[in-house]
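Structure record follows, encoded as structure tokens.
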Ligand SMILES: NC(=O)c1ccc[n+]([C@@H]2O[C@H](COP(=O)([O-])OP(=O)(O)OC[C@H]3O[C@@H](n4cnc5c(N)ncnc54)[C@H](O)[C@@H]3O)[C@@H](O)[C@H]2O)c1
Ligand SMILES: O=C(O)C[C@H](O)C(=O)O
């Protein structure tokens with residue numbers, strides 16, 4: 001078992017995702033069964049009492065790996081010494097809203113948190129932004145943390161990735177474990193581009209196993225892209241347990257690696273791959289080794305996929321320009 005605990009900061013700790021996330025982190029599901037964790041929970045002042053209640057429950061689990069719990073309403077303290085930061089705290093959308101409608105409401109949270117990360121984070125810090133609109137919030141946070149390498153800021157696409165796996169499994173009857181190489185491109189929004197052109201089902205090309213291009217374009221893509229809204233409609237609240245599950249898997253794979261011969265989907269600052277403008281936090285197929293993501297290179301893009309990526313990236317450009325207009329990005333940012 002590790003002697004020095006890993007500092008894990010979770011913002012929005014008293015929210016519904018926070019409640020589904022903290023227990024899994026403390027039990028070792030995120031960083032492994034031998035790694036001790038110290039939880040640093042950040043809330044707004046009105047959320048602190050509920051966070052204290054969650055902390056009591058965490059204590060009552062007597063997790064062997066849980067080295068301590070601190071609760072803050074101050075970002076500088078919460079991010080001091082942070083190794084892994086999960087930026088969840090933000091308003092969720094309601095019925096009839098798009099995630100981009102949250103730009104003005106939530107964007108202002110991520111600049112000060114980026115500054116706090118810049119001021120106090122550990123050298124190996126890794127930040128996953130979950131709060132929506134996640135990609136542009138990650139861009140804002142990173143732009144306010146000039147001393148932290150930009151590739152340490154990710155936005156979460158793993159939920160979309162898992163939704164795509166699940167829909168493909170339901171359609172083909174294959175277990176999820178036999179499906180690989182699915183990709184979500186672009187933005188975590190209804191304009192994301194779920195892509196199975198390189199996916200395999202039981203070792204065979206997924207498109208061949210499905211054998212129905214109309215289903216892919218007319219059912220699969222919109223079902224995955226609009227799943228968040230469908231959950232809100234059905235549950236009356238946005239996804240929580242599946243979002244927390246995706247966050248656990250994202251950080252697990254970032255730190256401990258992805259399985260050989262497969263990849264996942266990660267929103268990270270573009271290095272220009274696949275002609276996505278440099279610096280935009282866009283989703284790519286990615287694998288991890290040695291604690292670093294590498295974008296999977298050399299995939300051929302057919303016209304449909306290229307158009308899907310371009311539409312999603314155009315939306316990211318619009319979001320970036322909107323937050324610039326709102327004064328939420330420093331002037332030097334892309
Ligand atoms: N990227 C994804 O795939 C994905 C999936 C699901 C939800 N989300 C997003 O995650 C966010 C949280 O969702 P939720 O359902 O947990 O919401 P929630 O309303 O249940 O909880 C949000 C919590 O954040 C806290 N908070 C607000 N501002 C804060 C700040 N500045 N610092 C610290 N805490 C703050 C609130 O007090 C609240 O307790 C939403 O923006 C939602 O849209 C993203
Ligand atoms: O859709 C939402 O607003 C919540 C979340 O981003 C999701 O994908 O479930």
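A Cβ is built for glycine as well, from the same backbone N, Cα and C atoms used for every other residue.
Going by TrEMBL, these are the annotated features:
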type	residues	note
DOMAIN	7-146	domain 'Lactate/malate dehydrogenase N-terminal'
BINDING	12, 13, 14, 15, 16, 17, 18, 106, 113, 130, 131, 132	NAD(+) binding site
BINDING	93, 99, 132, 163	substrate binding site
DOMAIN	158-325	domain 'Lactate/malate dehydrogenase C-terminal'
ACT_SITE	188	active site, proton acceptor
(message) Through the lens of DSSP with three states only, how would you label residue 113 (NAD(+) binding site)?
(response) helix
(request) State the Cα to Cα distance, in Å, between residue 188 (active site, proton acceptor) and residue 99 (substrate binding site), rounded to an integer. (result) 8
(message) DSSP on the domain 'Lactate/malate dehydrogenase N-terminal' (7-146): how many residues come out helix, how many strand, how many coil?
(response) 63 helix, 26 strand, 51 coil
(request) Compute all pairwise C-alpha distances among 12, 13, 14, 15, 16, 17, 18, 106, 113, 130, 131, 132, the residues listed as binding NAD(+), and give the largest one in whole angstrom. (result) 20
(message) Need one number: mean pLDDT over the domain 'Lactate/malate dehydrogenase C-terminal' (158-325).
(response) 98
(message) Given 12, 14, 16, 18, 163 as the binding-site residues, which ones have a Cβ positioned under 6 Å from some atom of ligand 2?
(response) none
(message) So among 93, 99, 132, 163, all listed as binding-site residues, which is physically nearest to residue 113 (NAD(+) binding site)? Use the C-alpha atoms.
(response) 132
(message) Measuring Cα to Cα across 93, 99, 132, 163, which the record gives as the substrate binders, how far apart are the two most distant ones in Å?
(response) 19
(request) Find the shortest Cα-Cα separation between residue 93 (substrate binding site) and the binding-site residues 12, 14, 16, 18, 131, and name the residue that gives it. (result) 131
(request) Just jot down the residues in the same chain as residue 131 (NAD(+) binding site), at least 6 apart in sequence, with C-beta under 8 A of its C-beta; none if empty. (result) 11, 12, 87, 88, 89, 90, 106, 109, 110, 137
(request) Determine the Cβ neighbour count for residue 99 (substrate binding site): the number of other Cβ atoms within 10 Å of its Cβ. (result) 22
(request) Just give me the nearest neighbour of residue 16 (NAD(+) binding site) among the binding-site residues 99, 132, 163, Cα to Cα. (result) 132
